[in-house]
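Notes to accompany the following structure.
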Ligand code: AIR
């Protein structure tokens with residue numbers, strides 16, 4: 001793995017065969033077409049506005065998070081081929097310069113066809129499949145010699161074959177392991193800790209009915225979870241942000257601390273090097289987030305294993321909006337348009353991002369008078385989504401020099417938005 005860490009000269013063309021640059025958008029600024037209208041598309045909007053770039057976002061629902069702030073938001077499902085074709089070449093309006101995504105649930109055959117007909121698609125389907133299908137991803141990362149947990153695909157050739165492989169794997173790893181659906185899972189969905197094949201009998205039955213394939217992974221004895229975030233543009237430049245620590249509750253990210261406290265310069269460099277090598281090896285364009293486990297390596301020194309990949313802005317990078325020179329949302333736009341990438345240095349000693357996961361409030365903005373008064377330094381980012389239990393509704397970033405205080409205040413501000421009372425959060 002010989003990739004450089006922060007920045008590469010912009011002279012290594014993408015291996016996809018796709019030209020670098022963006023398709024010409026005649027008479028006007030570039031138009032970036034985005035599939036998916038959630039918070040990740042919404043947060044691209046301030047960055048697009050700043051750079052004078054137009055966004056056109058395919059939203060599933062006219063009331064979606066992105067549709068509240070972006071003006072050009074045709075409505076359609078991400079699986080709707082006609083809707084995606086019209087997103088990049090509308091009857092009225094300029095053609096898109098590039099097509100990108102804010103989630104992975106997109107039809108790859110169509111993307112291949114669009115590229116063949118001249119639309120840059122970034123990341124391309126050959127890269128995106130690695131974020132869509134965990135078996136494909138593990139196979140490719142293993143080929144690239146990227147450190148991963150031990151794993152095995154669960155065969156589906158006969159009803160008993162998968163159970164037998166799982167039983168043997170459980171014996172080998174000491175009794176418990178993690179079974180994942182190869183496709184379709186996120187935020188803890190499609191992941192189950194098992195100690196017997198019976199624990200996923202329903203998933204084996206689903207496979208037989210055409211459901212997603214399954215794989216099993218070692219339950220890694222990690223000391224903590226880290227995330228490495230990089231961006232790569234088609235002409236080859238790669239930039240990495242400092243590696244962060246992410247804290248998960250019930251399989252969902254609740255906080256991110258940037259940079260990861262106590263991380264040695266060597267392990268930070270190693271994690272960035274792995275992320276850069278994955279971005280290059282998989283020919284990713286745009287932002288790539290890699291969730292990693294920090295584990296004790298041979299001899300006890302900490303090292304990392306790759307958990308999951310996402311080829312889009314990611315929750316572990318929301319801190320960059322307020323805590324880095326260039327946010328992941330601006331960087332994604334720059335990268336997919338093949339523009340020079342921005343600096344990734346942090347702008348504060350520490351930034352902590354706390355997610356607002358569900359709320360007892362019907363309307364989160366009702367908490368603004370209290371939260372803004374109690375935490376004037378907090379950067380509040382609400383997504384305009386309907387409240388549902390555990391749903392990602394917003395986040396708060398707080399930066400400063402005292403990590404304990406920064407963390408306490410970010411978490412307390414997020415708690416107010418979840419409906420906790422002011423007394424317990426400010427004093428507690
Ligand atoms: N997202 C995409 N992959 C993982 C996540 N969390 C973001 C995208 C997507 C939104 O979450 O922005 O549109 C969907 O959120 P929800 O709450 O409707 O499931």
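Cβ from N, Cα, C; glycine included.
Binding of ATP is attributed by TrEMBL to 180, 217, 218, 219, 220, 225, 307, 308, and within the candidate set 134, 385 the record adds 134 to that site. Listed ranges 1-28, 29-56; the one TrEMBL annotates as region 'Disordered' is 1-28. Taking the Cβ of residue 134 (ATP binding site) as reference, residues of its chain lying under 8 Å away and at least six apart in sequence are, in sequence order, 180, 181, 182, 183, 185, 215, 308. Note on the domain 'ATP-grasp' (138-337): mean pLDDT across this stretch is 95.
Of all Cβ atoms in the protein chains displayed, 21 besides its own lie within 10 Å of the Cβ of residue 225 (ATP binding site).
Set side by side, the binding-site residues 217, 308 differ in how many other CB atoms lie within 10 angstroms of their CB, and the most is found at 217.
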